[in-house]
Amino acid sequence: MTLQFRADVDLRPYNTFGMAVRAAHFCQLDDAADLPALLAHPLYRQGPVLWLGGGSNLLLTRDYPGLVVKVALAGIRLLREDGDDMIVEAAAGENWHGFVQHALAQGWYGLENLSLIPGTVGASPVQNIGAYGVEVKDRLLEVVCAQLDRNGEAATLSNAECRFGYRDSVFKHEAAGRLLVTAVRFRLSRRAELRTGYGDIQQQLQADGVDRPTPLDVSRAVVAIRQSKLPDPAVLGNAGSFFKNPVVPAEQAAALLERHPQLPRYPAADGKVKLAAGWLIDQCGLKGYRDGDAGVHDRQALVLVNHGRATGEQMRALARKVQQTVKEKFGVELEPEPLIL
């Protein structure tokens, strides 16, 4: 397919916050074979360039002065079977939840806890998306990339080479702007290995009358939980969890626990402790807070929402207010999850 470039494009349909900003130039990448032509195009070469997936982890505060490329690569295929394991490849532009549901329908298990996470397959390793005790790295085999500095030549990164961390990967650091994710390969399983340890999941399964859950039951429970807590971006603009759960030294967590005995906490790597950002924000009295059309969601304090006409700058100002308030009360720094431009 020939690439089509458009000028002065409204980006509201392409970002889940619904920010009314415009791109100087825009094109959609439907076929990886078009990458060399895209990389050679004057609009790409003069830059800047923003690669866009689902636009669900992005806060746009101003018009974008360069080229926005919407990655719409599609396709899901079973590469091979390895005993009970199924090696499955999904193209970067596939909707994440759609892919999870397709996998479940085929009897390929392991991603059910990650149901209904917004965004695309291509963004999943960048952010190392996670929920309810599972991260994408747990099932990811390798990532297929295009090398942007080598005319789009393909490269494959192993799980280890992706250097996954909490909501982090090599794609946010050395590989940023150099590697474009074009497909992700997963090691899924015919055997169910359910992760139902989170209280919310147990309660939802109980409410659903499920005693012996299947992976599909777990997926349905996760979907029900997320729908009950998180606003639909089609109705109320948002980017899901706006802040990462902070990870602090054990001594700091212990000191906080003395002052706040109800403090939710979870073990993290290197003896550190992960805190619940939503709880910290809630304890500051900010759940449901609103400044104009920029607000903190009234059911999940971790989510910032656009009530209609908030600008990106207003959303950023609200985020800073939340960060400052939490820092003053708890001495804890909150780090935003979305890319802010």
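Cβ atoms here come from the backbone N, Cα and C positions, even for glycine.
Marked as active site by Swiss-Prot: Arg167, Glu337. Under the heading active site, proton donor, Swiss-Prot lists Ser241. What Swiss-Prot records for 19-191 is domain 'FAD-binding PCMH-type'.
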Spatial separation of Ser241 (active site, proton donor) from Glu337 (active site) - C-alpha basis, Å: 7
Between Arg167 (active site) and Ser241 (active site, proton donor): CA-CA distance (Å): 11
